[in-house]
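The domain 'Transglutaminase-like' annotation in TrEMBL covers 261-352. Residues or ranges marked as active site in TrEMBL: Cys269, His326, Asp349. Annotated Ca(2+) binding site per TrEMBL: Asn389, Asp391, Glu437, Glu442, in sequence order.
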Amino acid sequence: MAQALDIDRWNLECEFNNTDHRTDLNGIDRLIVRRGQPFSISLYLRSGSYQPGVNSLDFVAETGPQPSEQYGTRASFGLSASIDTSCWSAAVTSPPGDMVALSICSAPDAPIGRYTLTLGHSARIEFILLFNPWCPGDAVYMDNKENLAEYVLAQDGIIFRGAYKHPIPTPWNFGQFESGILDVCLRILDMNPKYLKNPGKDCSGRRNPIYVSRVLSAMVNCNDDKGVLLGKWTGDYEGGVSPMLWRGSVEILRNWDTQACQPVRYGQCWVFAAVACSVSRALGIPCRLVTNYLSAHDTNSNLVIERYVNENGELIQSKEMIWNYHCWVENWMTRPDLKPEFNGWQAYDPTPQEKSEGVYCCGPTPVRAIKEGELTFKYDAPFVFAEVNADVITFMKKKDGSTSKVSSNALVGQKISTKSVGSDAREDITHLYKYPEGSAEEREAFKKADHQNKLLQQQQNQGLHLNIKVTSDMRKGCDFDVFAVVTNNTQSEKKCRLLFGSCALSYNGFMGGNCGFKDLLNVELSPGGERKVPLRLNYSKYGGQITEDNLIRLAALLLDYTTGDTTLAVRNVVLDNPEIKVRVSSKICDKIQTFGILGEPKENRKLNCCFSIEGANLTGGVIFKLFSCRLGPVGPGEDAKVKIYFTPTHSGLRKLVVDFDSNKLCHVKGYRNVIIGK
């Protein structure tokens with residue numbers, strides 16, 4: 001009969017294991033490993049020595065409050081001659097003696113989460129198990145080293161906002177390896193309603209990245225649960241933080257955790273998506289953030305956005321609208337429930353828009369399914385398909401209550417963007433979601449999706465053509481012109497009425513006040529002729545109307561007196577803030593993101609600006625808002641210098657030192673040196 005080992009103590013070899021499993025950025029004070037990959041521990045015996053064939057050791061690995069072999073949350077196994085990476089297994093790797101080196105491997109489909117591992121009758125260790133995109137047997141396996149560095153390990157990134165003709169990159173600190181963030185991510189899983197209702201079944205589901213992604217889609221918003229973020233799309237952010245002011249996920253996740261899981265106020269789509277990206281990467285799922293410009297919000301699943309304008313061409317607000325842009329995330333995984341060609345990137349959206357199975361969540365759905373028009377595939381493929389492919393039909397609602405159709409070339413799903421691998425450049429991934437417009441493949445996808453409006457769409461009447469042109473230099477604080485261009489492609493003279501207006505716009509399609517309007521009752525056009533009509537937008541008028549999005553909606557409505565036909569042209573423009581150039585002179589600062597937060601300066605005027613700093617695994621998790629300094633006034637072309645550097649101390653810690661150019665410094669909020677971790 002085999003004799004049990006008399007274990008006195010053990011060493012989890014955290015530094016070696018965490019480094020080998022690429023979890024060392026979480027710290028090396030506890031064991032954090034990835035599934036399907038062996039890890040090592042050392043056992044020191046109280047008496048006797050290990051002898052192959054004489055001694056035995058049994059193992060029990062458990063996760064969740066109700067571990068069960070039926071649910072796959074409990075696994076029992078013994079010593080083997082060698083490690084089997086396809087299941088839970090253990091083997092001795094040291095020669096006989098009073099120290100036993102063990103190699104232990106989890107199953108590549110084991111549920112992720114907190115584990116206890118019992119060794120015999122006397123040893124009990126704890127560890128955290130994560131998804132393993134480096135393991136070929138894991139459903140999240142990704143075989144490209146550069147992609148893994150970007151989509152799992154990178155803690156900083158770029159979110160594209162602005163407008164489809166003017167994408168604006170916004171830096172973001174995902175911070176998934178910052179101190180305590182992994183614990184927050186695991187707490188998010190434990191606070192989801194499915195866990196609270198049936199923890200055993202929920203923990204079992206955590207073996208599946210499809211299930212985990214769907215849980216995260218619901219839990220990053222708080223509409224149905226104790227989720228992380230509360231959304232708000234109006235300008236009043238009292239009692240919270242404007243979504244525009246967040247620069248990373250770390251503060252949001254920590255606030256949720258320390259405030260007893262009360263929702264953090266406030267988020268909008270890019271904030272929801274960025275937090276979801278941080279959590280996915282923290283758990284080991286490759287993830288990237290995606291921006292869809294001119295994103296349709298279809299509330300009734302008919303793949304059509306019906307919008308109405310009044311007789312001045314002003315859009316009448318409705319639930320169905322086109323967002324200037326919308327952000328979601330993609331997680332990388334296999335889809336064993338579908339055909340192999342639908343493995344890969346899966347879109348899921350944590351922004352609460354419409355309910356799915358009674359909960360505000362969306363996805364994951366294969367990106368390939370959206371491209372092919374396969375709308376029966378799980379989850380929520382019709383909604384995502386509409387976001388990038390919906391048809392837009394415009395009607396004019398007249399004062400007498402009647403309506404008439406308006407000719408309009410509305411675009412949906414343009415310049416679908418994500419950060420490039422290894423650089424901050426924009427990668428256009430529209431081709432992954434859509435076939436080229438007008439192609440036979442596009443028509444086939446529309447047939448599968450039963451997208452009859454697109455299939456039956458007739459060529460627009462090209463008799464009168466209307467479009468809107470703008471200048472390349474539209475800066476907030478300046479006056480500038482925009483133009484409605486009318487072209488007569490007929491062989492006869494035309495007399496028309498042109499209404500050309502503008503209003504403030506939020507990125508999700510809600511409109512604000514008037515920024516400028518012109519009504520020309522008699523626009524005469526000779527055959528083949530063109531008329532360029534300017535509209536002056538003055539800062540004195542639009543400055544008090546626009547939101548933090550810096551967006552203005554331009555709409556031109558053309559009425560042909562001869563035929564009674566009406567044509568609408570719409571264009572959203574984003575105003576640039578004055579450029580601030582930040583030069584980083586120290587090599588240690590290349591992990592630090594810098595941000596300028598501006599007021600509303602006019603051209604050639606001096607301005608005040610704020611400087612703040614946030615970084616990953618460099619600043620000890622501290623966001624240096626206490627170093628927000630008010631510099632100014634700074635004239636055009638002038639420099640205001642802020643030096644931030646680290647100096648060693650006798651205790652082995654590093655001291656952050658901030659120096660300011662005294663000629664430019666007006667006020668420093670909380671100026672002091674701070675001791676931070678090594």
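Any Cβ shown, glycine's included, is placed from N, Cα and C.
The structure displayed is predicted, hence computed values, not measured ones.
Here the features listed in TrEMBL are painted onto the structure.
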residue: Cys269; record: active site; Cβ within 10 Å: 27
residue: His326; record: active site; Cβ within 10 Å: 26
residue: Asp349; record: active site; Cβ within 10 Å: 30
residue: Asn389; record: Ca(2+) binding site; Cβ within 10 Å: 23
residue: Asp391; record: Ca(2+) binding site; Cβ within 10 Å: 22
residue: Glu437; record: Ca(2+) binding site; Cβ within 10 Å: 9
residue: Glu442; record: Ca(2+) binding site; Cβ within 10 Å: 18
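With DSSP states grouped into helix (H, G, I), strand (E, B) and coil, the domain 'Transglutaminase-like' (261-352) comes out at 18 helix, 41 strand, 33 coil.
In terms of C-alpha distance, the listed recorded positions His326, Asp349, Glu437, Glu442 place His326 closest to Cys269 (active site). Mean pLDDT of the predicted structure over the domain 'Transglutaminase-like' (261-352): 93. A straight line from the CA of Asp349 (active site) to the CA of His326 (active site) spans 10 Å.
Separation of the C-alpha atoms of His326 (active site) and Glu437 (Ca(2+) binding site): 21 Å, rounded to the nearest whole number.
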